[in-house]
Ligand code: FPP
């Protein structure tokens, strides 16, 4: 399922900083409001360990984790974070966890939605979903649809829950959808797929933009910041395409202990990072304006490789 959200959002309403707790306000005061990320994605991990440490059953960790979700969403909405995406249930969770745990997580999700739609509306939060949600139980899908319809008119944070989600299968689904469209196009033009590609050129029909446009997240900006709780340094098949240039923040805190304050701390750490998107950083001593022309560099490198140059490449 795609997050059903318009590409051109209406402007966000003013932030509600006065509703942050005093602790949150003091972290928020250190932030540059102009550089709050557009999209934060969170891998919520550690529910089982949280429960284990307290000698509780795993499901109580998930229950407490659902409470954290609401705290974090409300802080996100108060600071006007436009997009918050939470990895709530992976394809692998669905396949590899005991049926009883999967069934508990489904009931928890349903109860969470029913119990929190009013708070979502009070906080101007819109609900969306990504993943192979058509494979979820019908009554869960009905509740999901109800929650997204009830919150569809909200203009603040879009909360996207990744459910029965896997990044590789998302890429497979996108590729299948591109192929299906191409076959339909060939059919419309009365030619074979091979002829269509030969006439138009493969690059006309398949480039990065096409793949991006067929992902579940087609209408969303890429995450700027990925947070993972519980100290694991893994991405676990989450938004693999979209996080190509995201900053990653790992905290040892277990998800059921994670609050809005910790979201703000992660954003503060993010603001200390220098994002380079494959280019040169601002702190580099090689500024683009001062670089030699490519032809001169090529000549210099070729002389260097042939062993005729001074030991160090010259720099302007
Ligand atoms: C990881 O904990 C978390 C999950 C498998 C699911 C995330 C679910 C929630 C936060 C609760 C429900 C969410 C919503 C939106 C209602 P884990 O079980 O892998 O923890 P462990 O690694 O410590 O065992």
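Glycine is no exception: its Cβ is also placed from the backbone N, Cα and C atoms.
Remember, TrEMBL labels are computer predictions, not curated facts.
TrEMBL lists region 'Disordered' at one of the ranges 267-291, 292-316, namely 292-316. Only 48 of the binding-site residues listed as 48, 236, 247 bring a Cβ under 6 Å of any atom of ligand 1; the order follows the sequence. When secondary structure is read from DSSP and collapsed to three states, residue 236 (substrate binding site) falls in the coil class. Residue 236 (substrate binding site) sits 11 Å from residue 93 (active site, proton acceptor), counting Cα to Cα.
Take the Cα of residue 62 (substrate binding site) and measure to each of the recorded positions 45, 93, 247: the nearest one is 45. Annotation for residue 45 (Mg(2+) binding site): spatial neighbours 228, 229, 230, 232, 254, 255, criterion Cβ-Cβ under 8 Å with sequence separation of six or more. Counting every protein chain shown, the Cβ of residue 236 (substrate binding site) has 15 other Cβ atoms within 10 Å.
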